[in-house]
Amino acid sequence: MPPTPCSLCHTARALVKRPKTGQQVCKDCFFEVFETEVHNTITEGKGIFERGEKVAIGASGGKDSTVLAHVLSVLNKRYDYGLDLFLLSIDEGITGYRDDSLETVKQNQIEYGLPLKILSYNELYGWTMDKIVEQVGRRNNCTFCGVFRRQALDRGAAQLGVDHIVTGHNADDIAETVLMNIMRGDIARLGRCTAVTTQSEDTIKRSKPFKYAYEKEIVMYAYFKKLTYFSTECIYSPDAYRGHARVFLKDLEAIRPSAIVDIIHSGESFQLEQSVQKGMKAMQTCLRCGYISSNDLCKACALLEGLEAGLDRSALRQTQANSSTAPVGHRTIPMFERYSNIGVAQPTEGIEKAVQTIEIK
Amino acid sequence: MSCGDIPDGLATEEQGEALMPRRVKVQRFDKSKCQKCRTSKSMYIIRNVTYCKSCFESSLFTRLQRTLHPAMRSTTLTPSEMKNKSLASIGGNRPLPQDGSVLIGLSGGSSSIALTDILVSKEYIGKGDKRVVDRTKGEKQPVWNKGYIIHVDFSDVIEGSNKEEDRSGVLKNWIEDKEHGLGWIGLKGQDVYDVNLRNKIRRIIGIPELDDGEEKESLAIDLKNPDLPLFPDAPSSSSSTPLDRLRSILSTLPAASRPSFLSSILDSLTTTTSQIIPDLSHVLLAETSTRQAQRLISGTALGKGYTLPLDLSVIHKSSAPNGRDIIRLKPTKDISLKEVTIYTHLKGLNGLVRNARNWDNAGPQNRKGDSRGKGNTRSLESLTEQFIASLAVTHPATVSTINRTGDKLRFTGEKKESQVECPVCQLPVDPNALEWKSRTALTSLPTKALPSKDISTDGEGRESLATMLCYACLTTFTPPTVVSKASRTEVVPVQLPYWVGGNVRDRRREMKEEVKEFLIDQDDE
């Protein structure tokens, strides 16, 4: 049987079948089509980025963030976005998982020449996930991690002086989130989970350039480009509700591969009744740590109070109402400064800064 | 720890006060008795409440009324205003006569059989003779003058080991036995390829046939080409039967798309029938809360998010040819599949009921390239049904939570008059559907040139259906694997149903109307 030619260039031999479209393509065309789709996501409408913007890439050492760092560096050069890129990593304190994946992030720092900042739960909250799980148990611990990580990313970004965070959330993640929010009745999240960029008043912009990139294609890209990434799942990931949505999504994909982007398209079309929108809480700042919150206390402060009080899973149900002073002896989260006071002159290109940093070391 | 218990009768007043007050005995309910009437033996438990037979029936009917009554004419309140009002304040337990007829969709599942049975037994539907009722004899004023039942049979295209026989006869006998003057309209899926469909329906109803003045030519489509080019098909004198033509298009569609296509056929036949029935006031579709939740999730997976609020709405108005609004209603929306199944069991109707549609087995089976999913499913719809059913076991509030989410969605499109409709599903087209699809999943690279030898006879220059479809229908018709033009060999167009061809023609006419003053040569079509 003669070799099949690539469906895109029609000359080279096809080596891969694209999970998204089923097209048989050669390796170079696969790289090009993957990168072009990400470029289209970035430049759609008015574009996600502004020239000269400082952008922190949320880097965990996993496949999504590793490929994101690679692709964003490539596209930044190829299309001259003019961005100043940084790597921002959060150490949740999970022994045997996060300490290993952080080594991958340090390798990425060298490979792509991007400055790296690591912020740990321990230095920020005084708790590691290991200690949290020991106290709270193995159920519902994702809530703690998610809430703490969100704030940690914003704080790390503020310390770096960046105004934009990008994360490696891919199409599968977003489709799962749409399904999950419908099934759980989380209207507020359903309204915003498909936006490529989210921003509330006075928070740092977050974007997802991989919004339309399939998880399988990200893995294929990393495999063929021989990128190093850490491929183990979090040791504490429990039988979370998201797992149901994930299994269902994989089953849908098996029947119709376009189901993932179809769900995202549906999610983008959803709009809520006006009465529901008006009923949602307005944003304010946390009375204790100054982070953005929809109640008097932000969720992180409430959870931390529960942990400090020695509560187990009931730490999840701590009230967020009107208690600006923490109980005596409890550790609190430092005040959030949205704009950092770092006055060091920054070079315009990230690579030059990275070279400087390495030289100093 | 001693509680200092003092035997009854020996405690003094002071001692009584010092004791912890005796705990009030909680009356736990007796599950063997109905919790509503507290007298009869309980037969069913729904959401931890026990019911006897008659209380269950009346509770079901009350919930049906809560959805049904707000859609009746002669009320000035909106459905959302109605929601929190008691039935008594809405206007009594019986709506005012609607001065029109009703069309009920009867699939043969528990919910449609239950709905028909309830409406007939409560005398909501008249016999069409407009006779005066004698209230002294306990007769009730019908809400609708006459009722029609529409049943569409797809058994001719369902294949494989689960092949169903045509159940139209059984259901027709049941309807006609009821002696309630219900008009039976039995159609088949392939009737969408019958050029004389409208007159066929008129004959069935018993009204004079008309010359609708529609063109008899249809359109054909090349489903292997992602641009979906259209071809003029041979006139209807062609030798193939409507069934052959339906089978032909089903065999060309990917297996995962067939249930959506059959669903469009069902909707189209119901809509066509509703436009022919004289003085039609309401169309009732017996969709349960379980089915509603499945439609929301499967609709999301099919890319139907833009029109889901319209599709899921309990009340939906459309215009009839006589200018009067027809109200499409889903009265069983708050009733679960379990409850309607209990009802049909209670009434001894289970012999009539067939809940499985089996649309997964439409068209040829085990064709190369067809994917089979979990539990041997072939479509997103049946996978969703299985998923919701299994999730409801571990998370009982799943169905109600999903439906509550669906209730909060609203349609964001423009007003109806200016809205462009999809020729297949006849719902509004999402803006830029094709452009969105092309941008998020590139099938060609701008930097790579096409090969010099290109097959130019396979649809080049032809009108493309892809530009007219909504996102969900585009996904239904798009071939699953994009095959390059160079490797496509023979072009074999399949005929589209007449309603699609008719809508495409109407769309062409509208577009020509918009630009006619700029056209130099008016080509005759």
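Cβ atoms are placed via backbone N, Cα and C, with glycine included.
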#### Entry: Listed co-binder of ATP (same site as A:G58, A:A59, A:S60, A:D64, A:G168, A:D173, source TrEMBL) among A:I42, A:I90, A:I94, A:I204
A:I90
### Those binding-site residues listed as A:D64, A:D173, and which of them has the most Cβ atoms within 10 Å of its own Cβ
A:D64
### Summary
Confidence over the domain 'tRNA(Ile)-lysidine/2-thiocytidine synthase N-terminal' (A:54-233), expressed as mean pLDDT on the 0 to 100 scale, is 87
### Query
Looking only at the domain 'Cytoplasmic tRNA 2-thiolation protein 1 C-terminal' (A:284-310), what are its DSSP counts of helix, strand and coil residues?
10 helix, 4 strand, 13 coil
### Summary
Widest Cα pair spacing in Å over the listed ATP contacts A:G58, A:A59, A:S60, A:D64, A:I90, A:G168, A:D173 is 19
#### Entry: Residues that sit under 8 angstroms from A:S60 (ATP binding site) by C-beta distance, when 6+ apart in the chain
A:S89, A:I90, A:S101, A:V105, A:G168, A:F230
### Task
For A:G168 (ATP binding site), just give me the three-state DSSP call.
coil
#### Entry: Which of A:A59, A:I90, the listed binding-site residues, has fewest other Cβ atoms within 10 Å
A:I90
